[in-house]
Amino acid sequence: MADTLKDKTAKGLLWGGLNTFLQQLLNLVFGIFLARKLSQDDYGMVGMLAVFTGIAASLQDGGFVSALNKRKNITFDDYNSVFWFNVTVAFVCYWILFFCAPLIADFYGEPELVWLSRYCFLGFFITSLNIAPRAYLFRNLKAKENSTLGLVALIVSGIVGIVMAANGFAYWGLATQSNVFVLVITIMSYYYSGFRPKLTFSFQPIREMFGFGSKLVVTSICNVVNNNLFSVILGKFYTSADVGNFTQANKWNNLGHSTITNMLYGVAQPVFTKVDDERGRQKRVFRKLLRFTALLAFPAMFGLSLTANELIVITITEKWLTSASILSLLCIWGAFIPINSLLSNLIISRGRSGTYMWCTIGLIVVSLATVLVMAYLKSGMWNMLVAFVIVNILWMFVWHYFAKREIGISLFEMLRDMAPYALLSMAVCAGAFFAFSGISNVYLAFVLKFFSVAIVYCTILWLSGSVIFKECVAYFFRKKR
């Protein structure tokens, strides 16, 4: 059983990592082209709507993907009932937002948002159609299938977005790209899962899962608000260009940390659930995943922060240079996002959706209060962002408090698993910064910073005898053979 679970976890991480890497690579290629063709205002227009589409998507999801994963004995009726419930909620949410579109446009002072928002909101209704089949793929660790549908959807939607941008459709191209992405995901999820809904419905599975799932909905909404807090505030009090610069920086930050987070998401919660009855074993599994996460997250995100200026200028030109300084700061927070995601997945796998909900509500309340105080003091966008990042990093200790109650992992144990990789990454990146800061050629500076950090980091890990690093190297070359 242990070998089987270990093998599934390794395969899930391998496919999840491959999928995420290829997706982010394609995202990078498509994103570079679109950023060169479109303006800060175009990105700002779509960025202003992110919080509304995110909240609506959370409502129609209902937390049922995690609820279905947590369910011990599952039947077709469970999936079928979740399907019809999600579609109904999404249909209602869409029409509410459809008629609220003029109010959203008035809030931002952008009349063009009326029909743009109505078009963007179609995306979450389409998403409601794939909740049940994707829950099946998630529960059964179908990482290869998830990888394939994600890549195909990204390629098709990216091509559509590029064609529309090249033909002058501006922000409509970004909106269409998003809708086409979820449409392809939906179609392919039915193909891989084999799920076909029937015209039957039972409230019993909905009632049984609602208590667990509803808490995840509230949590998801809080996460959406927290992640889009700056877009809303900048859209209200600043210009759409400011929103565009922040959106662009946040997009690159997401490209970095989501590579690791998405890789873990496909395996962490299902694996934690499978060892839920063995507290000691679950702790060992968690600590190993924590070391693996720290091994990747800290050098990747600190390295992205180090090369932000060069990367932005090389890929999307100097017109986006303002977003580079924002990106450097966001990446520091981004290094801790996969850690927090792993902690929260552990809490969910233990059936503590209430704890997950209140912890996330606490984060959004503290974040919102911090930003509003900074705005009241007129401290400026940069200082607000610094305060926001600090609050989100420190919240990791709150997540740890609840993880400790579940599996008994002490703060010392968690820091001992994380600190070597964090400190080494900071030291290597700081050395590269001082060594190459005088180089004016952005191409040369980027290459030297990137390869020096990667080579020195890996060399020190190997010489110091890092077990998790050597296991990863051994597994990679074994699979390659």
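Note: Cβ is positioned from N, Cα and C throughout, glycine not excepted.
As recorded in TrEMBL, the features of this protein are as follows:
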- 12-34: transmembrane segment (TRANSMEM)
- 46-69: transmembrane segment (TRANSMEM)
- 81-104: transmembrane segment (TRANSMEM)
- 116-137: transmembrane segment (TRANSMEM)
- 149-172: transmembrane segment (TRANSMEM)
- 178-195: transmembrane segment (TRANSMEM)
- 289-308: transmembrane segment (TRANSMEM)
- 320-343: transmembrane segment (TRANSMEM)
- 355-376: transmembrane segment (TRANSMEM)
- 382-402: transmembrane segment (TRANSMEM)
- 423-448: transmembrane segment (TRANSMEM)
- 454-477: transmembrane segment (TRANSMEM)
Close approaches to the transmembrane segment (178-195) from elsewhere in its chain (Cβ under 8 angstroms; 6 or more beyond its ends): 46, 79, 83, 119-120, 122-124, 126-127, 129-130, 132-134, 136-137, 142, 145, 148-150, 152-154, 156-157, 160-161
Segment-segment contact (the transmembrane segment (382-402); the transmembrane segment (355-376)) at 3 or more Cβ pairs under 8 Å: yes
Positions on the same chain near the transmembrane segment (116-137), where near means CB under 8 A and six or more residues out: 45-46, 49, 52-53, 56-57, 60-62, 64-65, 68-69, 79-80, 82-83, 86-87, 89-91, 93-94, 97-98, 101, 104-105, 145-146, 171-172, 175-176, 178-179, 182-183, 185-186, 189-190, 192-193, 195, 197
Proximity verdict for the transmembrane segment (289-308) and the transmembrane segment (423-448), three or more C-beta pairs under 8 Å: yes
